[in-house]
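Undergrad: Here you go, one structure.
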């Protein structure tokens, strides 16, 4: 018995570690901590920042009075598309951002019958939209863009895609009413610019309706970057042809160097980065978030154009634009979804706000006071008879005084003591 037990112990001994301090479980079984992920809010902020930057950047380059006086929007659009063509070709060969190309069943027949005609309307949309920046303010252009869902509805109806109901017409009528009110209150209304922007919206709506009709099969579904891969070369070629007829005889090398090749390069890079950010945004958020972010982006652009570019906006325009945005959200989401998400967001926001107030009471008081003061200033300046430059000077004076006072003290206590 003794020898048998000794033999068994000898057989078991190699299974045991000689170093009793070693871990019993293999190291490979130890769970690794999860890799930190980027919050969806970061993608939203980046997309809003890039989207607004592209619009304001283009306005700065094209505008004669407050910009770089480069009145060649077709050249600028063509340059963006050429840059996008080069970058998508490079990314397709060096990264995984365009892996969606593998699932698209593209061939010559589909390219000629779908991509080329859609690219034609895409080119016209880009040209007309950029032409509008020569005549209209950024704030008014954003207000007019609110009619895009209405134009998409009508374009789809004309192409035989959908037949809108009376209820749908009623919903979009709210958007139209709001834009009409906003247009009536526009101070710098220029008919030529209005026509260009209306055509831009119409061509964009036609493009979207054609995409739904011609490329609605699963094998042709594309994310924004894959779409750019296919459409950018066609649009660049079409824009270049139009450029030869309309702008080539007037643009000079001095015009390009007055703006600066580096500025044009950064401008194209920001425009391309916007398309890349959309890909990540779609993958990380829901359709509800996309809709609300689009509305938020438009509102912020209007505010920035008033505060930075000094675009004059009347209270009547704010009223009309609010109606249009409300109608836009209602049209895209519907009453049931709005009620559902509003209830959930309200509860979560109230809970977070109470927790934040308990943890940082001084910051919450400052936030409430700052938001209230900002709202009062907006209302006051909207109804003020002073000129835009005078209003901007008042705002700058208030901001500079506050910043200087904060620099003279420390922390949030300085802000609270200042007020």
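For all residues, glycine too, the Cβ spot is worked out from N, Cα and C.
I grabbed these lines from TrEMBL:
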| type | residues | note |
| --- | --- | --- |
| COMPBIAS | 8-23 | compositional bias 'Basic and acidic residues' |
| DOMAIN | 41-331 | domain 'Sugar phosphate transporter' |
| REGION | 1-32 | region 'Disordered' |
| TRANSMEM | 41-58 | transmembrane segment |
| TRANSMEM | 70-90 | transmembrane segment |
| TRANSMEM | 110-128 | transmembrane segment |
| TRANSMEM | 172-205 | transmembrane segment |
| TRANSMEM | 226-246 | transmembrane segment |
| TRANSMEM | 258-282 | transmembrane segment |
| TRANSMEM | 289-310 | transmembrane segment |
| TRANSMEM | 316-334 | transmembrane segment |
| TRANSMEM | 366-384 | transmembrane segment |
Undergrad: Looking only at the recorded stretches 70-90, 110-128, 226-246, 258-282, 289-310, which one has the largest tally of CB-CB distances under 8 Å to the transmembrane segment (316-334)?
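TA: Comparing 70-90, 110-128, 226-246, 258-282, 289-310: 289-310 has the most Cβ pairs near the transmembrane segment (316-334).
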Undergrad: Count, for each of 110-128, 226-246, 258-282, the Cβ pairs lying under 8 Å from the transmembrane segment (172-205), and report the range with the highest count.
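TA: By the under-8 Å Cβ criterion, the transmembrane segment (172-205) pairs most with 110-128.
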Undergrad: The transmembrane segment (226-246): which same-chain residues, six or more beyond its ends, come within Cβ distance under 8 Å?
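TA: The answer is 74-75, 77-78, 81-82, 84-85, 88-89, 92, 98, 100-101, 104, 106, 111, 115-116, 118-120, 122-123, 126-127, 275.
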Undergrad: Over the domain 'Sugar phosphate transporter' (41-331), what does the predicted model average in pLDDT?
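TA: Averaging the confidence scores along the domain 'Sugar phosphate transporter' (41-331) gives 86.
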